[in-house]
Structures are given as C-alpha cells and as structure tokens.
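What TrEMBL says about this protein:
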TRANSMEM  6-29  transmembrane segment
TRANSMEM  38-60  transmembrane segment
TRANSMEM  80-102  transmembrane segment
TRANSMEM  128-145  transmembrane segment
TRANSMEM  160-181  transmembrane segment
TRANSMEM  193-214  transmembrane segment
TRANSMEM  226-244  transmembrane segment
TRANSMEM  256-274  transmembrane segment
Amino acid sequence: MELDDNLLYAFLLTTMAGLSTGIGGLAAFSKHARKSKYLAFGLGLAAGAMIYISFVELIFGALETFKDNYEEESEAYLRVTLYFIGGLVIIGLLGVLISWIADRFNISKENLAEIGAKELDDKKAKSLYKTGIITAIALAVHNLPEGLVTFLTTIQDVNLGIGIAIAIAIHNIPEGLAVALPIYHATKSKKKALLVTLAAGLSEPIGAGIAYFLFFENADPDVFDVVNVFVASIMVYVAFFELLPQAYKTGHETHSKWGLIAGFGIMGISIALLA
C-alpha cells in the first residue's frame, strides 16, 4: 500500500468535503432551499452510500483480515463487533455532548427552520447571532471525526475516498444551513454568515491532520483494519441518526427512499467496476 501517493488526495478531499458547508451557507439566502425534494434525495443518497461502504467494504474487509490473523473464526467476529459497538458508543457520546451544548444555549433546529426575514430588535438579533456561533462550534466538533473518516479511507483507497467525501459533502449542506441561517438573519450580512459557515467546515481537515499524526507515521495494516471498523461505525451512526431523519423532515419521504436505494446501487456498481 503506497500511502504517500494518496496523502495529498486525502487532505484535498477532506478539505473539499469540509468546505461544502459553504453550499449550505449559500442555501440560507433562499427561503425555499430547506424543503427541496432534491435535498431529500441527496441526503438519502449520502446515507445509502455510507451504509453500503461501511458494511460491504470496510467491515467485511476487516473481518476477512481478522479471520486470517486469529485461529478461531469466532474471535474475528467478536473483535469486529466490539470495535463496531465501541465506535458507535464514542460517536454517540459526542452526539450527547453536542445536544447538551444545543440545550445549554437554547438552540433548536426546528426554531431555526422557522426563522424568516422579519426585522429583529437589537436584543433578538444578538441572541440569534449567538445561536449561530454556538451552532458553528458544535458543528466544528462534530466534523472532526468526519475529517478522520475521509482521510483514513482515502489514504488506503482514493476511489473509495472520493465516494466517502461526496457523501459527507452532501451531509454537510444542511449543517451549513443551520449555521448560516441565524447569523444571516441577525446581521443581514451574507459575507459574515458564509465566512462563519466555512470556518466551521475547516475542522474536517483538522481531523485529517489528527489522523495523520496518530496513524500515518506508524502505518500498520492491522491498525488500519481496526480503524476501518471504527470509521464504519461513525458512518453508520451518521447515516441512521442524522442523514435519514433530516431527509424525512423535508417532507419528501419518497425522494428520501429512492435516494437511499440509489446510494446503495451507485456505490455497489462503482465498487464492482473498480475492483
């Protein structure tokens, strides 16, 4: 595995995925963007891609390696299961932390979606602006493991990394919207709203940097198999607890379902063609 050849691509794809929050920032300037049927389809597509890659490519590949490394096949299954559940617990605890931050500062996605272009007094404007900043901080924390996912996947397989980066980029669009929307309506400044949104997305390449220093310098194939299972658990969590619920909230359930199916199909066909 020539990791050096893929290192540049890994950082580039991770940065591009993170900066896709800016697309959500631009969408905040359109009152119709949030409930688009295309957004529902795109979120379903991203979820399907993540779920398929996680189970078919990452977990299955790690399981095959563990079977070769351990005499008892049951131990291989046990290790994969423990690593997978462990990853779910970690990302779940991170989600609890983000929810606590949201509750602490009275951030509500439902309320953000209701925000219109009405005039605000100074007190309300300041409160709304604070909401946007805290949401941006929460998003930045949330994006760190996603940057790690994109980076570690790409340095092993660029083609697979591209698929992950696209899925995460789609996932980042509504999150960018949640950051930009309150800031834009509080300040009436498109520039400020967009800059804060892009800054929140930059935590993904920071996550890539963390992954580099933790894993790349002492790259061991066995370590990557363990990491792949953790990566899969993160993507499964994001798909089931973030992407799909967001897709259904748009009100276009049919488009969400077809997007999910399309995500399975596209990733399956692309992996088959590149195999």
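Just so you know, glycine gets a Cβ as well, placed from its N, Cα and C.
All annotation found in TrEMBL is predicted automatically rather than curated by experts.
Pairs of Cβ atoms less than 8 Å apart link the transmembrane segment (80-102) most often to 226-244, out of 38-60, 160-181, 193-214, 226-244. The transmembrane segment (6-29) is not in contact with the transmembrane segment (256-274), judged by fewer than 3 CB-CB distances under 8 Å for residue pairs 6 or more apart in sequence.
Put simply, of 38-60, 193-214, 226-244, the stretch with the most CB pairs closer than 8 A to the transmembrane segment (256-274) is 38-60. Most Cβ pairs under 8 A with the transmembrane segment (160-181) among the ranges 38-60, 193-214, 226-244 are made by 38-60.
Through the fold, the transmembrane segment (226-244) approaches residues 43-44, 46-48, 50-51, 53-55, 58-59, 61-62, 80, 83-88, 90-92, 95, 145-146, 148-149, 152-153, 156, 164, 167, 171, 215, 256, 260 of its own chain, all at least 6 residues removed from its boundaries and within a Cβ separation under 8 Å.
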